[in-house]
Amino acid sequence: MGCLFSVNSKKVRIFDTTLRDGEQAPGIDLTVDQKIRVAKRLAELGVDVIEAGFPASSDGEFEATKKILSEIGDQVEVTGLSRSVKQDIDRTIDTGLSSIHIFIATSDIHLKYKLKMTREEVLNRIYESVRYAKDHGLIVEYSPEDATRSDEEFLLKAVKTAIDAGADRINIPDTVGVMHPFKFYDLISKIVKVTGDKIVSVHCHNDFGLATANSIAGVMAGARQVHVTVNGIGERAGNASLEEVVMSLKKLLGYDVGVRTYLLYEVSRYVAELTGVPVPYFKAIVGENAFGHEAGIHVHGVIENPMTYEPISPEEVGNFRRIALGKHSGIHGLKRLLEEQGIFLDDTQLREVLKEIKSLAEAGNKVTSADAKAIAIKVINKKITA
């Protein structure tokens, strides 16, 4: 199954920050070995950039970044986060990385309460830090933290300053998730106009549940890179979900994302297991119910042609189709489920089994395929002994 709607041959880069922004979520603390294992899975998945961590923040982060680079640095771009200060940049250089992600906030609230700096001082810091990193031969991505709450004129000035200093990419973070798609589209359109041939990236948080939608809007406005995390993990309400962004770009907009999508479910479960953060049951793409069906009309349609009630095939993302049993079930779904277990009933028997299943479900019981099989065997035996 190809693109569902329009086709666009342009490439969109996938920048995975599961190991940095994702791990910043409270309660997620991966060991160095676990971070390496996740990084290997991400490289296998085919993302373009892996943000391995924040090397200057701790000795553990420094060592993890070094080891990730040594393990997969020949397969994928590995980068590290850095504040716009010389000591952070030096620490990142010491890991052996050839790529760095430098940030400093541009919103007035951050300047006043966190940085205690003037706008002019911030612009000077941007130029000096980006230039310093470039002078050391690094690929530089610059992020104006809290960009979406920044004065627009000043934000554009900060972006231009980073470009003048030699930045290779400009990333626009919606740090506290206050954008909606229409507003973000307008902002990214303006950023793209002042960046020339530089890659514009977006980094969206999910505080209002719009991280994926905003990321897609950013790409539609001209961004050519998206920051994501596996399962959308991250601080507060999380980040844009890798699996949602990848499949939306590929199937709805026809972009080349370069990701082996058949590994999405597997990687999702792997990260969930290591972090201890479960995947929501109704999670798009990788949730247990993402391709689940119970209602009789839906199940009948899916059996005849899965596209009647599925926008993509579960196999494309490594997930599975699940036919559930309950008070909404119909005879077609039951027949398929039983036949998959080697049980073949006539219509009269099927109706009898279905009646008992619905009775159990309406009483609040969960009915499994094993339950259906047991009921079917009971119906068969009743006919034999009759």
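The count begins at 1 with the first shown residue.
For all residues, glycine too, the Cβ spot is worked out from N, Cα and C.
When Swiss-Prot records Asp21, His203, His205 as binding divalent metal cation, the matching candidate from Asn124, Asn239, Asn289 it lists for that site is Asn239. In the three-state DSSP reading, Asp21 (divalent metal cation binding site) counts as coil. For the binding-site residues given as His205, Asn239, the lowest number of other CB atoms within 10 Å of the residue's CB is seen at His205. Per-residue pLDDT, averaged along the domain 'Pyruvate carboxyltransferase' (12-265), amounts to 98 for this model. Within the same chain, residues at least 6 positions away in sequence whose Cβ sits under 8 Å from that of His203 (divalent metal cation binding site) are Thr17, Asp21, Ser143, Asn171, Ile172, Pro173, Asp174, Thr175, His227, Asn239, Ala240.
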